[in-house]
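The following features are taken from Swiss-Prot:
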BINDING   Cys33, Cys36  Hg(2+) binding site
DOMAIN    22-88  domain 'HMA'
SIGNAL    1-19  signal peptide
Amino acid sequence: MKKLLSALALAAVVAPVWAATQTVTLSVPGMTCSACPITVKKAISKVDGVSKVDVTFETREAVVTFDDAKTSVQKLTKATEDAGYPSSVKN
């Protein structure tokens with residue numbers, strides 16, 4: 001029983017370490033004017049777990065930093081698509 005409690009306590013402490021902050025660059029080719037990045041940034045910023053968003057019209061890219069324990073790339077691309085700007089991960 002003591003070992004079980006120790007294992008559970010260790011898991012509770014270590015679990016947050018497994019979550020990682022990731023940065024991904026999304027290609028957003030549908031941005032056609034200088035106001036589009038504002039809409040894209042607002043849409044991505046509303047996704048739970050996103051900590052930073054930089055959207056550039058000239059390159060038609062969004063660089064997003066997020067907590068992968070709270071969200072995923074799929075949720076980010078869905079957010080841009082729902083805002084009218086389909087996106088994909090830039091390779």
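Even glycines carry a Cβ here, placed using N, Cα and C.
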Residues that sit under 8 angstroms from Cys33 (Hg(2+) binding site) by C-beta distance, when 6+ apart in the chain: Phe57
Cβ atoms near Cys36 (Hg(2+) binding site) (within 10 Å, other residues, all chains): 18
